[in-house]
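What Swiss-Prot says about this one:
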type	residues	note
REGION	1-50	region 'Disordered'
COMPBIAS	1-25	compositional bias 'Basic and acidic residues'
CARBOHYD	Asn47	N-linked glycosylation site
TRANSMEM	71-91	transmembrane segment
TRANSMEM	104-124	transmembrane segment
TRANSMEM	137-157	transmembrane segment
TRANSMEM	162-182	transmembrane segment
TRANSMEM	193-213	transmembrane segment
TRANSMEM	236-256	transmembrane segment
TRANSMEM	266-286	transmembrane segment
TRANSMEM	304-324	transmembrane segment
CARBOHYD	Asn333	N-linked glycosylation site
TRANSMEM	363-383	transmembrane segment
TRANSMEM	397-417	transmembrane segment
TRANSMEM	430-450	transmembrane segment
CARBOHYD	Asn501	N-linked glycosylation site
TRANSMEM	507-527	transmembrane segment
Amino acid sequence: MAKEAQSLHELDNMKEKEVDQEKKAPTSVGDQEEHDDPKKQASHSQNVSENGLVDEAAQEAPEDESQYPGPLAMAVIMVAISMGMFLVSLLPLGRFYKFYSPKWVYMSLVFIFVIGSAVGAGAMNSNTVIVGRAIQGIGLGGVLSGSTILIAENAPLHRQPMFLGILMATMSISAIVGPLIGGALTTHTSWRWCFILNIPIGGAIIAVLFFFVKAREGKEQRAQGWVEKIRQLDPLGSALLLPAVVCLILALQWAGSQYSWDNWRIILLFVFGGLLSIGFVVSQMLRPDTATVPPHVVCQRTVFGSFLFSAMTGGAMLVVTYWISDWFQAVQNVSAAQAGIRTIALVLSQAVGAIMGGGSSRLIGYPPPIMMISATFIAVGAGLLTTLNVDTKSANWIGYQILMGLGLGFGTQQASLAVQTVLKKDDIPTAISLIFFGMQLGGSIFVCIGQNVFNQVFVKLLGQAAIPGLDTDLVLRTGATEIRQLVHNDADLSKLVTTYNTSVTSTFYVALAAGITSMLSAFLVQWKSVKNVEPVH
């Protein structure tokens with residue numbers, strides 16, 4: 001491994017020299033380590049651990065923009081990759097966790113992630129990096145839900161809050177550590193090490209699971225032959241659900257920004273999305289025994305309430321995480337790195353909230369009241385974030401983030417605990433996968449809604465500001481750190497920054513709505529204690 005890494009590094013250095021000699025723009029990933037694209041830095045602080053590593057590396061690897069796919073093609077690529085990660089992985093993998101040993105399924109997913117890391121480490125062009133990241137996404141998509149499932153398999157319910165709190169706190173802390181490690185590796189060695197480092201870590205995880213986790217017998221013996229085994233995994237349901245959600249996401253992303261709401265493209269996307277969704281629901285009802293989302297599971301009151309709660313909190317989290325960084329860069333005029341540092345309050349408070357939520361669950365025993373506290377903090381935090389302006393003091397925006405982070409941390413594990421109090425053990429893997437699917441789905445939908453709100457408000461207010469010579473489309477295409485370069489006097493700059501501030505804070509109303517809805521969903525969850533729960537038959 002050391003020799004391979006050294007060879008990769010030498011190859012990188014050789015290519016850098018060729019670039020200097022020929023004075024050409026970089027055309028492949030290997031040629032890009034000495035360059036920096038500020039647009040790609042805008043969201044690096046929003047990613048956790050591994051995402052932080054690779055995104056930090058991506059800042060050092062720009063290409064000639066003429067070589068990128070067009071807007072439509074790029075939208076389809078990114079939606080396919082991101083949606084494929086959590087749709088193809090989360091829900092169908094819940095079936096794997098149900099019918100096969102969670103230990104071996106989890107180890108296989110980690111191995112797939114390692115393969116993707118190896119592909120990314122050896123990439124000679126950006127297309128190969130995309131392939132590597134997609135493979136990583138498939139493996140990583142089932143790891144989070146799988147971690148919770150493994151805890152459910154190996155710990156009694158009354159002890160799980162402590163372990164889940166540690167798990168969620170670790171995720172929050174990794175959001176800080178990941179980009180820092182990625183930046184250090186990219187600056188002092190090579191971006192390839194952001195991929196290479198995952199390989200020994202993944203190997204260590206597999207070794208620990210192999211030697212220390214007891215494998216539970218799966219239910220694969222119920223299925224006779226490959227046809228029956230494949231049928232158990234519900235390929236029809238997955239084939240209907242994936243394009244349905246992609247259509248919905250694209251419609252929400254494009255409507256009101258690229259196209260009007262009555263444009264035929266938007267209408268067609270909603271129609272196709274609706275028809276595919278109906279087809280998915282029908283397929284689940286006709287084959288309940290092999291359904292990806294069994295009706296008897298999702299229609300259970302606590303499961304449905306927990307799914308909705310997870311979707312709302314996930315949506316609020318991604319909206320705030322996405323836009324608070326933009327606010328720091330555009331309104332407070334700081335770099336992407338400084339914006340990342342200023343969101344530490346949000347991330348650390350999530351970690352503290354996760355630990356406190358775990359302790360509270362073990363002490364109180366009932367998830368619903370903690371979910372209500374979580375929703376209250378989220379709603380209050382998001383509401384306060386809507387008051388941000390150009391002159392907001394640091395004590396205020398730090399305090400607002402802490403309230404938001406505590407709310408997110410408090411509620412992050414409660415849905416997974418609640419469903420275990422009402423379901424049979426065989427249905428728990430499916431329910432937990434459904435919970436994490438809801439979190440990812442809610443995040444994707446609400447980010448699109450937030451983007452739409454931002455665009456609508458920004459276009460309207462910028463038109464009212466009447467800044468001479470300023471093109472609205474150009475501003476929307478410009479990174480948050482660069483918008484100040486588009487105007488040339490203080491009066492116009494003040495108008496532009498004020499417009500941007502109002503547009504960003506308008507997106508926090510979306511998070512506020514999600515927080516209020518999560519409060520309502522918590523009332524659906526039954527008050528059943530996690531202490532000494534009798535198995536459900």
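From the backbone N, Cα and C atoms, a Cβ is placed for every residue, glycine too.
Cβ neighbour count within 10 Å across all protein chains ranks Asn501 highest among the glycosylation sites Asn333, Asn501. Within its own chain, the transmembrane segment (363-383) is flanked in space by residues 158, 309, 312-313, 316, 320, 353, 357, 400-408, 410-411, 414-415, 417-418, 421, 508-509, 511-512, 514-516, 518-519, 522-523, 525-531, which lie at least six positions past its ends and keep a Cβ under 8 Å from the stretch. Using a cut-off of 8 Å between Cβ atoms, the transmembrane segment (304-324) and the transmembrane segment (430-450) share at least three residue pairs, counting only pairs 6 or more apart in sequence. Between the transmembrane segment (193-213) and the stretches 104-124, 162-182, 236-256, 430-450, 507-527, Cβ pairs under 8 Å are most numerous for 104-124. Beyond the ends of the transmembrane segment (430-450), by six or more residues, the same chain brings 82-83, 86-87, 90-91, 93-95, 97-98, 142, 144-145, 148-149, 152, 245, 248-249, 252-253, 293-294, 297-298, 303, 306-308, 310-319, 322-323, 415-416, 419-420, 423, 507, 510-511, 514 to within a C-beta distance below 8 angstroms of the stretch. Rounded to a whole number, the distance between the Cα atoms of Asn501 (N-linked glycosylation site) and Asn333 (N-linked glycosylation site) is 12 Å.
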